[in-house]
Structures are given as structure tokens and as C-alpha cells.
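Working notes, beginning with the structure itself.
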Protein chains: 2
Amino acid sequence: MVIRYPNGKLYQSAPKLESTQEPTEHSTVAKEAKKRAISYSNRGKSLEDDLNETNMFYLQRKMANIHKKPVPIQIVKVDYPARSAAVIKEAYFRTPSTTDYNGVWNGYYIDFEAKETDNKTSFPLKNIHPHQMTHMESVTNQRGIAFFIIRFSSLNRNFVMSYNDVALAFQKMHEGGRKSIPLTVFEQQAIEINEGYLPRLDYLDAVKKLIAIGNVCESEEK
Amino acid sequence: MVIRYPNGKLYQSAPKLESTQEPTEHSTVAKEAKKRAISYSNRGKSLEDDLNETNMFYLQRKMANIHKKPVPIQIVKVDYPARSAAVIKEAYFRTPSTTDYNGVWNGYYIDFEAKETDNKTSFPLKNIHPHQMTHMESVTNQRGIAFFIIRFSSLNRNFVMSYNDVALAFQKMHEGGRKSIPLTVFEQQAIEINEGYLPRLDYLDAVKKLIAIGNVCESEEK
């Protein structure tokens, strides 16, 4: 069961400094913590926050209509106090059957999942759930545009990789290949997005490029 | 604040029979209750149930990938008992900013809202929230296909009406016209769906017809 915080974000424990271990230049843990601190001060926000801001920007500028789906909840008990809002008193997180984001842009159905990794050299495929791949395969068959937005948090780099390329990596893994996608593959096959002010993460510009090089589904043939 | 039951359905109170009032042929309340009972035994399920079944059918037959969005919840308090699933202990229903259903079919972005009315002669426009119209206008501008599925529960009739036609009714209302869409207008401008076994409500067949008569957005020009 994935545990999410009230803001809908996945719970991730902060890097821990052992209290008996003073941060020194030679301490890997300390270095890691320092780097993360710098990285966070540069970015300030999670990938989800950046995408929500970006989607709001697209919506207000009439550039696209793309939303994050609410987290699915199984509600067990609700109180209805007189003259005030209903209060959910017992509920559980459910596993989603789709990806987190979808919407429409310029006649295209857009569908994606956003993932962050602390890894500096590759993206572990275990971060992607089987139901997400199944869903994206179905979307691709319906000529929607399915992709991943992957952030290498430690490197402060963001990539848009098509579902097709991720599916290929899974296929290789099942044939005995590696269990992650190397950063070099992202650099070659994915489109890098540089963070900006408005929008924070212009991923639709990257999607345009994926369409231009024919690295997404056959939507163009419509 | 809309109150929803744990199953995600809107709360609707059952028709009440006054305990002091015996159902007779002359009792309007009793007649109403009887009619509803007959109607429910014919149908058995709510519009939402029928649409969920239909969407599952489309998904399994690889005909479309369309889902109901989860109800948005503001989570306030979560307990994390050791070795068991996180329990939400306090949360509130939030007003959605989009429609309830979206997805992809044959390269088209599909977006709709489902509404039921007990009214026998017209559909009251007050059943549609402003945020739904705003959202659908934006979807239409992005060349998505936006529509309503409206069930006249008492008549056991279902219609697919394009966003454009509903927007026109709102425009007329704002100019001093009527506050509902007459059944006769549905019969003329909307596409009626007959309930079936599999799928329960073949609304995509109706959408095809709307596209064929040019009563949806300009998606075909893509």
C-alpha cells in the first residue's frame, strides 16, 4: 500500500544524518544531504507542484486542458453534522487503475505519469507500476499520446520519454536485460525540459518534438 | 456541498410514503413510488453503474479507454497503524473542477458529464454546474469531444446531447428564455441511446452519430 500525505504526495523520508556522525566533507551522507539542500533551494518545489503550476498556466492561457486526477479513495464512514459539511471519518487509499495526468491539447488526447528518482545514473524500472504500463498501452492503441515525465532530482534534470521507449526497456528487462534506463538513453531518446518561470516545465513543447520525430503513436495519421 | 455516499454516488433520498397515508390509486405519492419501483426493476442500476459497466466493456474489448474520475477529497488527518494500511480519519469532499468522465477513443479526446432527472417533460439546467460548462468550453476549444449523457429516469430514456447544444440552451436562458431543455428538443437534437445488455449504454455509437452530423467540435479537421 502506497502511503500518501494529505497533500496527495507520496511519502518520502528525508535523507537522515546520524546524530553521532558530524557532517564532514568526507561523509557521503552529509554530502548527499548538502547536495539535496542545494538542489531543493534551486527548485523549491516537487515535480507534482511544478506540473500543477504548468497545467494551470496552460489552462489559463487556453493552451491545453490537462489535470491531475484525484487520488482514489475508498470511503467507509461519513458523518453528516447538521448545518455543516459532511466529514469523512474512515477511508482508505485505493490503487489507481490509470495514470495520474490526462487531458486534451490541440485535438490530442494526452496521458502521462510523473516520476522522480534520486538515482544519478539511471531510472529504476521498479518505479513504474504494471497497471500504468497496461493503461498506457491501451491509450496508445486508441491513438492517444502516452509518455512519462521523469525527474532526476539529484541532477535537477527533467525528461519526457515516450511510452514506446519505456515499453522497449521493459521488454529488454523481461528478456534478461537491465532493470533500469540509463541516463545516457534519456539523453539520446528522450526530450529534456529545462525548468523555466512560466510555465515551470513546458512539457508540451517536448511532446511536440516527440510527435515531430514520430516517437509517439500514430495520432498524426488521423 | 454535494453529499456523496461511500460508493461515490450522489445521495438521493428515496421517495417517501407517509406512514399515515396508505398507498391508494388516488395517492400521487404512491403512484410516483410505484412508477419508480417499476422503473427501477426494469433498469436495476443507476446511470453511473451503467456507465461504469459500459466503460469496462469498452476497455476490455479494446474499443476505448474512458474512466470516471475519483471524487476529489481534501484529506486532513491520516493514521499510519504499524503493519497495516494507512487510515484516513478526517477528510472533506471538494468541488471538482472538471467533468466526471474522460478518456480516449479512436484518437478522439472524450469528455462528458452524466445527469439524471425525474422530470418527465424537460431537463432543468440548474442540474449543470457552471464549472462543468467552463471546463467543456475549454475542452471544445482544444478540439476534444464534450457532451452530456442525460437520463430521464421516470421515462427510462437516455440521450447524448453535445456540449454545443447545451451551451445554446444556457445562452437562451441568459437572454430571458426557459430554464430547462424540453424533452422535444432532446428528441430533435440529441441522440437517444437504447439500453442493452452488452454494453449497457452504447454512448460511443451516439457520439459517432453526433460526429457524422457535425454536431460536435471540429476534431475531424485534424
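The first residue you see is number 1, and the count goes up from there.
Including glycine, each Cβ sits where the backbone N, Cα and C put it.
Listed features, source TrEMBL:
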{"type": "BINDING", "residues": "A:T98, A:D100, A:E113, A:Q132", "note": "Mg(2+) binding site"}
{"type": "COMPBIAS", "residues": "A:23-32", "note": "compositional bias 'Basic and acidic residues'"}
{"type": "REGION", "residues": "A:13-35", "note": "region 'Disordered'"}
{"type": "SITE", "residues": "A:K115", "note": "site 'Transition state stabilizer'"}
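Each residue contributes its Cα atom, and for A:K115 (site 'Transition state stabilizer') and A:T98 (Mg(2+) binding site) those atoms are 14 Å apart.
In sequence order, A:T98 are the recorded positions among A:T98, A:K115, A:Q132 whose C-beta falls under 8 Å from a C-beta of chain B. For A:Q132 (Mg(2+) binding site), applying a Cβ distance below 8 Å and a minimum sequence separation of six or more within one chain yields A:T98, A:T99, A:E113. Long-range Cβ neighbours of A:D100 (Mg(2+) binding site) (same chain, at least 6 residues apart, Cβ-Cβ under 8 Å): A:K68, A:K69, A:F112, A:E113, A:A114. Counting Cβ atoms from all protein chains shown, A:E113 (Mg(2+) binding site) has 23 others lying within 10 Å of its own Cβ. Over all protein chains present, the Cβ of A:K115 (site 'Transition state stabilizer') has 17 other Cβ atoms lying within 10 Å. Apart from A:T98, A:D100, A:E113, A:Q132, the residues listed for Mg(2+), the same chain places the Cβ atoms of A:P96, A:T99, A:Y101, A:D111, A:F112, A:H129, A:H131, A:H135, A:M136 within 8 Å of the centroid of those Cβ atoms. The number of other Cβ atoms within 10 Å of the Cβ belonging to A:T98 (Mg(2+) binding site), over all protein chains shown, comes to 22.
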